[in-house]
Every structure is written in C-alpha cells, then in structure tokens.
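Undergrad: TrEMBL lists these features:
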COMPBIAS  16-25  compositional bias 'Basic residues'
COMPBIAS  268-284  compositional bias 'Acidic residues'
COMPBIAS  290-303  compositional bias 'Basic residues'
COMPBIAS  304-315  compositional bias 'Basic and acidic residues'
COMPBIAS  427-437  compositional bias 'Basic and acidic residues'
REGION    1-26  region 'Disordered'
REGION    41-83  region 'Disordered'
REGION    185-217  region 'Disordered'
REGION    255-323  region 'Disordered'
REGION    413-437  region 'Disordered'
Amino acid sequence: MTKAADRGRPAQYKQASRKGKHAWRKNIDLSATEAALEDIREQERAVGTPAHDQKNSQLFVEDRSGQETQLARQAREKRKLKSQEILEARSAVPAINQRARSSFQLDTQTPAGKAHAAGLPAKVKRRLRILASRPHEGQQGNTEIGSAGKLQSDAVLSSKHDLWSTPAAPKSDEWVSEAATNAILRPKSMTHEPLAPAKTAPAIPRPHAGMSYNPDFDAHESLLQSAIQKASEEEHEIQENAALRSQWRNIAQEPSTSTSHMGMPIDEPQEDNEEEEEEDDDEEAPHVKMPGRKSAAQRRREARSKEQFHQAEQRRRQRQQRAMVSELPGHLKRMRHLAQSRQALVDDRRARKLDRMQNQGMAGFRVGKHAVPEQRIDVQTGDELSESLRQLKPEGNLFWDRFQNLQARGLAEARRPVLPSRKLKTKQYDRHTFKRD
C-alpha cells in the first residue's frame, strides 16, 4: 500500500452547533420564576414583608374559640361594595421618606412675597419667561435646551408647595371688599305677551256699505270718492317717477359743451393789461398820512369813552337778564302747554294707529323689505249697479282677498307678486327623406 492510501480521505471542517444563545433564550421557560416573583411582590403589598421572612407566630394563630358559622359571620359583618374594597385597598409598602418641611405660610410684607401671594414669585416668573423663549421638545424634533433650568424651577415650587398636603384656608381681608356682580336685568317684555294688535283684526273684514248691490247714495258716493282719490294718487306717483327717469336720461345723453373745468377758476394771463394797471395804480395811489403821537389828554379821553361803552353794555345785558327772568314763568307755562299738546297729538296718533291695526291689520305699513298691500276697493258706477239679487254679477277674487287679509294680520309674508317669465317655444320643422336638404 502506498502512503496516500494510508492517509485516507481529506479531513472535513467540523460544523458548529446550531444551539446558540438566541436559541436558548427562545426555548427557555421562565413563567414559574415570574409567577413566584409576582407572588412575593403581592405579599409585600398586602402584608409588608414576604412570608419566608416572617416568624411562625406571625403566620399562624392558635384558635381555641371554634369556627363561626357562615350565617353568623354574614349577620355580624356587612359586605362592602366592590368599589369600596378597591378604594380601601392600600399597599403595605412604606412610602419614600421625604425631608421635613416647615409649615407653608405666604409672606405679604415684602414685594417678592406679595408677588408670590398673588401667584408665582417674581424670580420664578422671570425664570419661566426665559425658559419659554428657548426651544423645546415638540413636533419639530428633540431640541430641548435648558431642561435643567426647568427642573430647578419645578424643584423650587415643590419645596414651597406640598402637592399632597391639605389646602390652607383662604385668608379673608377685611379691608378688601368683595367683588360685586351686577344683577342681570330682565326686560319687561318677558313678563307679558308681545304686543301684536294686527292679530286681533277679523279674519273676514266687514265690507264697506257702498259695496252693496243696492247701496245708500251717501255710502256709495264716499266709496267712489275714496277710489278716485286712490287712483289719482297712484297715477300722480307714476307720472313723477316717469318724469324723474326721463330727466336723468336727458342729463346722461346731453353732450358736455362747456369748456370750464372743475375746481378753482384760473384766469388766463394778460401781460399788457397787467402792466397798464400797475402804472395806473402807481399814478393814482394817494399819499397816506401816518398818525402822529397821541397826547396824554387824548389817551385819557379814549380810556373814558371805552369805560363808558363797557358800562353801557353791562347795563344793557343786565336789563336783558332781568327781562328774561321776569318772563321765565310765562315761558315755562307755554312750554308746559306745548308739551301737553304734543303729548296729546302723540297719544291721538298712537290711538288712531292702534285702532286702524285692530280693524285693518298692517295694510299699508312696511314690514321688512316690502310693504303690506292695501285692500282693493271694488266699486261699481251707478250704471253698473244691479237692482235685485237676480241681476247681481259675481266680482272680485275670494282667494286674493283672503291672502291679502293673511298678510295684513301678519300670518303671511309680504312679497311682491312674481309674474311668470316668458318662455320661448321650440319651433319644429318637418323634414322628409325623399327631399334634398
């Protein structure tokens, strides 16, 4: 045999184990250990120390009285609600020891103490303003700068204010009056129904006596005159509107022929005339003699005349004042009579308006954007009157009268009549297939 045959086949690399650290953590089961640790934590919360650290005397008690029946225990103990049990459950773990603090009292003697009593100390306010101006952690990213200052300010506040302590009783200052709140005044209209005299108008108004088929002469004549007056007023208003529109149309169409400009009138310069006027003024200018120095006697005379004038003016004003004082009772009496007459006119106008609204509603008054239309006057001439009911012809529109009455009583909105718009008809053409287009 050769040496190559003695060596055998070439050596292979040994494969490492696939059971690594991650596989061990994945397959390990720690549920029992975690349950035991949680049981120890529960014992610490309930009792204060775990069971294996307590003595037997603390864990076991010798009972010589015997077991109490369940009914007796239920009769003796009142079962608590679940919410009460949850609220009464407290952990037996002792709280963290905090350093002792002195009783907190506000200082109102110094300016800093007054500021602190009003809210925050001036130093803390200044510190908070500095911190507020710095960038902070937010949606833009982690750019917190100066967080130590913020923690220091919180520490300062926590050292002076105990969050878990009972709140101090508010101090009453007898020198400061309590803030008075103004009473809310209720309007008088809330105590009674709103004034609406138009609602009391009859649903079917009583027609005029002149509208009868066989009316009295005076009633028919008064109705005819009222209809003529209303028609003349409408015609006069139409003529005024037409004249005004034509006047404005003429002004707009009239061409502007004037060469004048708006503003201050400026004359055109005329050099020759100005030179001639200046020469004439120089020639015709009179020589003004300057006044000389007044003597002492002249000054005294002027002073006496001024004093006499002032005294006369003062006496005249005094006479006028005495006359006005003497005439004051008469003026007051006339003013009272004038005020009474005006009040009587106002009351009369208000009474007539109220009576009209109770009888005719709001017909003729403007309510909102449009005015309430007045009731139409249906009148017949003497030739059109019928002598009997057999010859009577039906006139008017009952629906229109009823709708106008609803508007007058405020039950329907006053609107302008919307007329139907003109619609263009579609013209049809008959075309035959055997004819050429």
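Just so it is clear, glycine is given a Cβ too, placed from its N, Cα and C backbone atoms.
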Undergrad: Sort out the residues at least 6 away from either end of the region 'Disordered' (41-83), same chain, that have Cβ-Cβ distances under 8 Å to it, and list them.
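TA: Result: 91-94.
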Undergrad: Counting by DSSP secondary structure, give me helix, strand and coil numbers for the compositional bias 'Basic residues' (290-303).
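TA: So the counts come to 8 helix, 0 strand, 6 coil.
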Undergrad: How many of the residues that make up the compositional bias 'Basic and acidic residues' (304-315) does DSSP mark as helix, as strand and as coil?
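TA: When I sort the residues of the compositional bias 'Basic and acidic residues' (304-315) into the three classes, I find 12 helix, 0 strand, 0 coil.
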